[in-house]
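Copied over from Swiss-Prot, here are the features:
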- 63, 66, 69, 112: [4Fe-4S] cluster 1 binding site (BINDING)
- 73, 102, 105, 108: [4Fe-4S] cluster 2 binding site (BINDING)
- 54-83: domain '4Fe-4S ferredoxin-type 1' (DOMAIN)
- 93-122: domain '4Fe-4S ferredoxin-type 2' (DOMAIN)
């Protein structure tokens, strides 16, 4: 670029005028902003939100304590302890997920052989202190019990893609 061209660009403020023209073009176009608490956009059926533990229809928890979800978790957010029952089946005594560590990758859900751990469509949850986002087995089972119909419907809708 020659010195004369540079002089005219800076003297006549062409960059500024180009920026103002761009701003003016978008000023009168339709806005795409969503006012979140009042308006909500549709959520993908594959959205990965709050975790839940599921039960069978007879009320027994599905988790067989294989610890695959704990092994596959890249953030080390899952802690499982188990014991063997009288009928030689393993069940969890402790199943904790630290949501402050969790990256919501979905590996735990994919690795579970019995579809025990699932990620729900729940995206609005919070904690006022760090311990509020540490979910124990009872808390995860309560979430699963409360939202079982929605979880089952989402699993059925996604079954052909799995």
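Glycine residues also receive a Cβ, built from the backbone N, Cα and C atoms like all the rest.
Feature annotations (Swiss-Prot) mapped to structure.
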residue : record                          : contacts (Cβ under 8 Å, 6+ apart)
63      : [4Fe-4S] cluster 1 binding site : 53, 91, 92, 95, 114, 116, 117
66      : [4Fe-4S] cluster 1 binding site : 90, 113
69      : [4Fe-4S] cluster 1 binding site : 78, 80, 107, 108, 109, 111, 112, 117
73      : [4Fe-4S] cluster 2 binding site : 102, 107, 108
105     : [4Fe-4S] cluster 2 binding site : 48, 74, 75
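Summary of the [4Fe-4S] cluster 2 site environment: with the site residues 73, 102, 105, 108 set aside, the chain residues having Cβ atoms within 8 Å of the Cβ mean position are 69, 72, 74, 75, 77, 78, 97, 103, 104, 106, 107. Between the binding-site residues 108, 112, 108 has the most other Cβ atoms inside 10 Å of its own Cβ, all protein chains included.
Sequence-distant contacts of the domain '4Fe-4S ferredoxin-type 1' (54-83) (same chain, six or more residues past either end, CB-CB distance under 8 Å): 89-99, 101-103, 105, 107-118, 141, 144-145, 148, 151. One way to see the shell of the [4Fe-4S] cluster 1 site is to take the Cβ centroid of 63, 66, 69, 112; the remaining same-chain residues with a Cβ within 8 Å of it are 64, 65, 67, 68, 70, 80, 108, 111, 113, 114, 116, 117. For the domain '4Fe-4S ferredoxin-type 1' (54-83), DSSP puts the residue distribution at 5 helix, 8 strand, 17 coil. Each residue in the domain '4Fe-4S ferredoxin-type 1' (54-83) has a pLDDT score, and their mean in this model is 95. Packing against the domain '4Fe-4S ferredoxin-type 2' (93-122) from elsewhere in the chain are residues 43, 47-54, 61-64, 66, 68-69, 71-83, 130, 133-137, 140, 143-144, 147, 150-151, 154-155: each is 6 or more residues past its ends and has a CB under 8 Å from a CB in it. Of all the Cβ atoms in the protein chains shown, 21 others lie within 10 Å of the Cβ of residue 102 ([4Fe-4S] cluster 2 binding site). Under the three-state DSSP scheme, residue 108 ([4Fe-4S] cluster 2 binding site) falls in the helix class. According to DSSP, residue 102 ([4Fe-4S] cluster 2 binding site) is assigned to coil rather than to any helix or strand.
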